[in-house]
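Annotation source Swiss-Prot lists disulfide bond at Cys31-Cys81, Cys35-Cys57, Cys43-Cys64, Cys47-Cys66. Here Swiss-Prot flags 21-82 as domain 'LCN-type CS-alpha/beta'. The proline amide annotation in Swiss-Prot covers Pro83, and the record cites similarity to another entry as its basis. Marked as signal peptide by Swiss-Prot: 1-19.
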Amino acid sequence: MNDFVFLVVACLLTAGTEGKKDGYPVEGDNCAFVCFGYDNAYCDKLCKDKKADSGYCYWVHILCYCYGLPDKEPTKTNGRCKPGKK
């Protein structure tokens, strides 16, 4: 009985919550957003427009990186960028 009550409480606490993730936001073609000139303001705005908490230009890859993206927002995977394929 105690296990059942614990399970119900755990389900109620997690119901309706949306997780957040960090990563490189992409379009449908698995191409990340390039930030020429290391433009942190551009990346921060791009990330916030995608409902992330914040973002910056990761200078090593010259790509925008976001913190706190919604789970439904696509992020870069190991596959190659395929421009034009959405």
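Just so you know, the numbers here start at 1 and follow the chain as drawn.
Just so it is clear, glycine is given a Cβ too, placed from its N, Cα and C backbone atoms.
Here the features listed in Swiss-Prot are painted onto the structure.
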residue	record	contacts (Cβ under 8 Å, 6+ apart)
Cys31	disulfide bond	Cys81, Lys82, Pro83
Cys35	disulfide bond	Tyr42, Cys43, Cys57, Tyr58, Ile62, Leu63, Cys64
Cys47	disulfide bond	Pro25, Asp53, Ser54, Gly55, Cys64, Cys66, Tyr67, Leu69
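Counting residues of the domain 'LCN-type CS-alpha/beta' (21-82) by DSSP class, helix then strand then coil, yields 10 helix, 21 strand, 31 coil. The number of other Cβ atoms within 10 Å of the Cβ belonging to Cys81 (disulfide bond), over all protein chains shown, comes to 12. Pro83 (proline amide) falls within neither a helix nor a strand when secondary structure is assigned with DSSP, and so counts as coil. Note on the domain 'LCN-type CS-alpha/beta' (21-82): mean pLDDT across this stretch is 95.
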